[in-house]
4 protein chains.
Amino acid sequence: MSIKVIIAGFKGRMGQAAYQMVSGDPELELAALIDPFAEETDVAGVPVFNRKEDLVGLEADVWVDFTMPKVAYENTRFAVENGFAPVVGTTGFIPEQIQELTELSRDKGLGGLIAPNFAIGAVLLMQFAAQAAKYFPNVEIIELHHDKKKDAPSGTAIKTAELISENREKIQQGAVDEEELMPGARGANFEGMRIHSVRLPGLVAHQEVIFGSQGEGLTLRHDSYDRVSFMTGVNLGIKEVVKRHELVYGLEHLL
Amino acid sequence: MSIKVIIAGFKGRMGQAAYQMVSGDPELELAALIDPFAEETDVAGVPVFNRKEDLVGLEADVWVDFTMPKVAYENTRFAVENGFAPVVGTTGFIPEQIQELTELSRDKGLGGLIAPNFAIGAVLLMQFAAQAAKYFPNVEIIELHHDKKKDAPSGTAIKTAELISENREKIQQGAVDEEELMPGARGANFEGMRIHSVRLPGLVAHQEVIFGSQGEGLTLRHDSYDRVSFMTGVNLGIKEVVKRHELVYGLEHLL
Amino acid sequence: MSIKVIIAGFKGRMGQAAYQMVSGDPELELAALIDPFAEETDVAGVPVFNRKEDLVGLEADVWVDFTMPKVAYENTRFAVENGFAPVVGTTGFIPEQIQELTELSRDKGLGGLIAPNFAIGAVLLMQFAAQAAKYFPNVEIIELHHDKKKDAPSGTAIKTAELISENREKIQQGAVDEEELMPGARGANFEGMRIHSVRLPGLVAHQEVIFGSQGEGLTLRHDSYDRVSFMTGVNLGIKEVVKRHELVYGLEHLL
Amino acid sequence: MSIKVIIAGFKGRMGQAAYQMVSGDPELELAALIDPFAEETDVAGVPVFNRKEDLVGLEADVWVDFTMPKVAYENTRFAVENGFAPVVGTTGFIPEQIQELTELSRDKGLGGLIAPNFAIGAVLLMQFAAQAAKYFPNVEIIELHHDKKKDAPSGTAIKTAELISENREKIQQGAVDEEELMPGARGANFEGMRIHSVRLPGLVAHQEVIFGSQGEGLTLRHDSYDRVSFMTGVNLGIKEVVKRHELVYGLEHLL
């Protein structure tokens, strides 16, 4: 029997990608679409709504949410209260809200997922990096993005460094008498590890974690070529939350 | 208190590397060295022997073995019987021997390790590849070695493909109507996965496992520049076997 | 003074990309747009035509052509006869046609370019590979494409191997007693060089040429993430043909 | 007829590698070996000397020099004056000395080579990078070395950046409103280009130059695994200087 899915924010770019993904998977079935900006009343037979309140009582299993930060919490709360297991890619939650939603889901015995990053490959890379750090305390991160990106290092690189840091022996890397002939050459210093940010046109979003040890190297690389990559994670999320009885924060908890 | 180590085969290349590694680690202490070809009676105060029988009754914790296939089984048996936890890099064991040694070690409550590959990075790569294959069934392996290597694909590549195969959904990769304009272009076919072997002077031993999915890629790479890399694994083995009560086959069981 | 450009086939995907590129470059100016399927009579003030004959007598410098194989020759001939230097990305020319158009352009003293590949990076990679092959006769090619690609190896890989082959010492690579435990592992054999074709979802179009020599390696890699990359080459083509007096085949002749 | 070669400094590590290389090439013949620390009078029939003065009048074509900075100039001058074409890997020359030796060689009509870097791959990479920069002004350099290296960036990275800089359009790379959340993340700034220095155990000496443009990337990578790589360049140097009539500084002038 197929899983019945609601997509909130289906007119947006991510919502559209989710619509394509759900439509194309025979194990999934669209139950409803919501978007305040939708003018149609149905899309290929699937009913379209403008307000979430119109979905009370609808028969559906999962609520996929790609809406906006300011409504993400209200939407997720609504989903849980109405028995729709939430799979949420919208950002903007504060820790207290996640805590509260988790408790609410536990009371209801309903699974759920709020994920800042749906790229399975990126999540696996972080997990592998954390594991490898136990044996290889010497590590550097190179993240490469398009040249319109404003911040450096990327959020993913910082998150990766934090995870590594929880597992690796604390050491200051590089030669003791290391000297930067040009400032910044050795990158950013994160507890003795180094992070390097490359920005070039043409690039999308890439990350390399390089471990070095006597006579060997281990490199983990993730390449994100297109946002459509998130849909593999959304698909996994939909199929996992219906088997679970509590909301989790982070795709890694479903892997 | 430091761990007391015997090195069997200390005159060989790997034995010498083990000698350097043990000497340089303050948590380890050399108890004895053995080699049938040794002519000296001590090295820097550490007693040297030609025959294993001379070590009966010696106070030591671990027996590191880098000798020769024809004596590996006898040596390991001797070590276990005399209470030295074996860490064996010598090859040539048949499954029945490993089975028997494992049982013997269990009877004695003694830890031990027989490992065909001591490069931690290579072992981690295989584990990570097996894990990633659960989510990414599309994968190809590229292994790159110096051009004196006779066999293709490498043993490590085949072992990696086997481990991946235990975890991934069975699929035939590539386009359905794929066509090789030149035979061999698509590499070796291992249950639908492809393996490519590159041979060039200058290379040492390298392996890349590339996973592809909608809009993203995940690449795991191991570079072996020098056999000294094995010593990180030997060091780990020594420190782990003293905490255990059974011999294991494969470094992965100690990670 | 800006270069006046006509775009033929402006309604197609490549034509649209060319329109964006020309519009955005202050050194270029749109003189006219042509497409048999266009229904508008102007785009942002630029006149639109359905038939090339309507452009006789128009004041313009360059004719950019992204139309269809069956009209490519006629279009290019028309452009040269009317004094528009052609920059042609449409395929389907036979050698005799290129020969004839080259002679015609020479008579007219008009520059021009017909190019099967407008990605400057790919063309540079081929040139560099040919140069490096003089010093490094040991080389392998790995090309990586999305898994909808039917043919292996790619046309670019074969062209690269041909160029390398003109410059390198003829040798059979790999160990003399090399043995394939699984057929195809060593890839396709092109005059002793090996070519490997990787096909995975997520990938776009990538190529690596790896040279190996005693103790060192040199790797050249091109990544094509998007067809928009061709526009850097079209832009270069437009600016170069106006300085020249003969049509050339292949972007490499303008580098 | 084979080229007759003298090796100065043959007892050192590089001298030994040169000895092996010359001995193994049927087109070359050892004429003499010199080293102040040599105690033997011949090696496999080749005469050994302690002082260069003893070689006056010897019949030889090329003087290979891997000695020490303080004698490099005197040695090279001696070689040229005695008709031995110098191939010098020793460092420590000041520009005036190179100028003077070049003039002296021109007077004698003798070829010669003084090279700070004999790795052909590294020299080719620099040349290719300079060429590519004409078309791709956006570029970053990542150099990776073992963690005993003191200075960052490496001399080769700085030299590469200088060569690129002579050919590329001056631009400031990255987003206009780029922000470093952690200082150093964006690397060292060399005229708007960025240089990143990675230091890890296990690594030897590696450099990547990454060019990015709309929708594409071009990466040039050199891996130095072993100093023996220099011998390909020394071999080339020996065979080229005997055809030339002037000393040059830098292997690139013989490619």
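Note that Cβ sites are derived from N, Cα and C of the backbone, with glycine treated the same way.
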Per TrEMBL, what member of A:ASP25, A:ASP35, A:ASP42 joins A:GLY9, A:PHE10, A:LYS11, A:GLY12, A:ARG13, A:MET14, A:GLY89, A:THR90, A:THR91, A:ALA115, A:PRO116, A:ASN117, A:PHE118 in binding NAD(+) at one site?
A:ASP35
Are there recorded positions in A:GLY9, A:ARG13, A:ASP35, A:ALA115, A:HIS145, A:LYS149 whose CB lies under 8 Å from a CB of chain D, and which ones?
A:LYS149
Report the mean pLDDT of the predicted model across the domain 'Dihydrodipicolinate reductase C-terminal' (A:121-255), rounded to a whole number.
94
Kindly report the helix/strand/coil residue split of the domain 'Dihydrodipicolinate reductase C-terminal' (A:121-255) according to DSSP, in that order.
44 helix, 42 strand, 49 coil
Quick check for the class: what is the C-alpha distance, in angstrom and rounded, between A:ASN117 (NAD(+) binding site) and A:LYS149 (active site, proton donor)?
17
Suppose we draw a 10 Å sphere around the Cβ of A:LYS11 (NAD(+) binding site). How many other Cβ atoms does it contain, all chains included?
18
Long-range Cβ environment of A:GLY9 (NAD(+) binding site), under 8 Å and at least 6 residues apart:
A:GLY15, A:ILE34, A:ASP35, A:ASP65, A:PHE66, A:THR67, A:MET68, A:THR90
Please identify, among the binding-site residues A:LYS11, A:ARG13, A:ALA115, the one with the smallest Cα-Cα distance to A:LYS149 (active site, proton donor).
A:ARG13
Give the distance between the Cα atoms of A:ALA115 (NAD(+) binding site) and A:HIS145 (active site, proton donor/acceptor), rounded to the nearest whole Å.
21
Can you tell which of A:THR90, A:ASN117 has the least company, meaning the fewest other C-beta atoms within 10 angstroms of its C-beta, among these binding-site residues?
A:ASN117
Any same-chain residues 6+ apart from A:HIS145 (active site, proton donor/acceptor) with CB under 8 Å of its CB? Would you list them in sequence order, or say none?
A:SER154, A:SER197, A:VAL198, A:ARG199, A:LEU203, A:VAL204, A:ALA205, A:HIS206
By DSSP, what is the split of the domain 'Dihydrodipicolinate reductase N-terminal' (A:3-118) into helix, strand and coil residues?
43 helix, 30 strand, 43 coil
